[in-house]
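What Swiss-Prot says about this protein:
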type	residues	note
ACT_SITE	CYS176	active site, acyl-thioester intermediate
BINDING	ARG73, GLY74, GLY75, ARG76, TYR77, THR78, TYR79, HIS80, ALA145, ILE146, GLY147, GLY158, PHE159, SER160	substrate binding site
DOMAIN	35-214	domain 'BPL/LPL catalytic'
SITE	LYS142	site 'Lowers pKa of active site Cys'
Amino acid sequence: MAASETIEIRRETAQVPYREALDAMASRNAAIAEGTAPELIWLLEHPPVYTAGTSASPDELLDPRFEVVEAGRGGRYTYHGPGQRVGYVLLDLRKRARDVRGFVHALEGWVIETLADFGVESWRAEGRVGIWTRGADGREAKIGAIGVRIRRWVTMHGFSVNLSPDLAHFGGIVPCGIEEFGVTSLAALGREVTPDQWDEALLSHLDGFLARLDTPCPPEAA
């Protein structure tokens, strides 16, 4: 078990350009793998950008009104921008259960627990990556995205949660390749949550998230 006290927590107040964050993640991933830098939880926002995962299809890019960047993570297209909190999670799974599926499951659970702190019930959906809830219209909608990469058993990328982004910006893509469902946010659900409030709530669940990484994910939790 690796304790949270050894993990660097970085909370940005200014927007970080996506390419800059991508380069920083790659460097930190390598340093963690070499044992020359501590693990990192990095919480931030980006200027508007569309990012393409390794499974992204060109026909899912409907209106590239913002820069499009190859992210190198799993998944398809997603949008990042102001009002959306992104969490980059760089952890050494050699110190924990070497279980990629278990890592993703625990990451989803971490976000779901934090959303519950703000009165939003959310869930995983079989066959659909991400975090789901009921939108203001009562229909199922996506409130958070998950995308990870593992290099030398050190994780990269992580999650994003819609606090109060301009939801119209998602119209330039088919988010995560899923056409039949929309997107929502905490603000659209009547919850005004600042980045600082989100970070504090998220980090209050950090120890529980890390504890789940010490045990392989059970088959029924796929």
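FYI, residue positions are counted from 1 along the chain as it appears here.
Note that Cβ sites are derived from N, Cα and C of the backbone, with glycine treated the same way.
Shown here: features listed in Swiss-Prot, placed on the structure.
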{"residue": "ARG73", "record": "substrate binding site", "DSSP class": "coil"}
{"residue": "TYR79", "record": "substrate binding site", "DSSP class": "strand"}
{"residue": "LYS142", "record": "site 'Lowers pKa of active site Cys'", "DSSP class": "strand"}
{"residue": "GLY147", "record": "substrate binding site", "DSSP class": "strand"}
{"residue": "PHE159", "record": "substrate binding site", "DSSP class": "strand"}
Cβ packing number for LYS142 (site 'Lowers pKa of active site Cys'), 10 Å threshold: 25
Whole-number Å value for how far LYS142 (site 'Lowers pKa of active site Cys') lies from PHE159 (substrate binding site) (Cα to Cα): 12
Other CB atoms, at most 10 A from the CB of TYR77 (substrate binding site): 25
Separation of alpha carbons, LYS142 (site 'Lowers pKa of active site Cys') and TYR77 (substrate binding site) (Å): 14
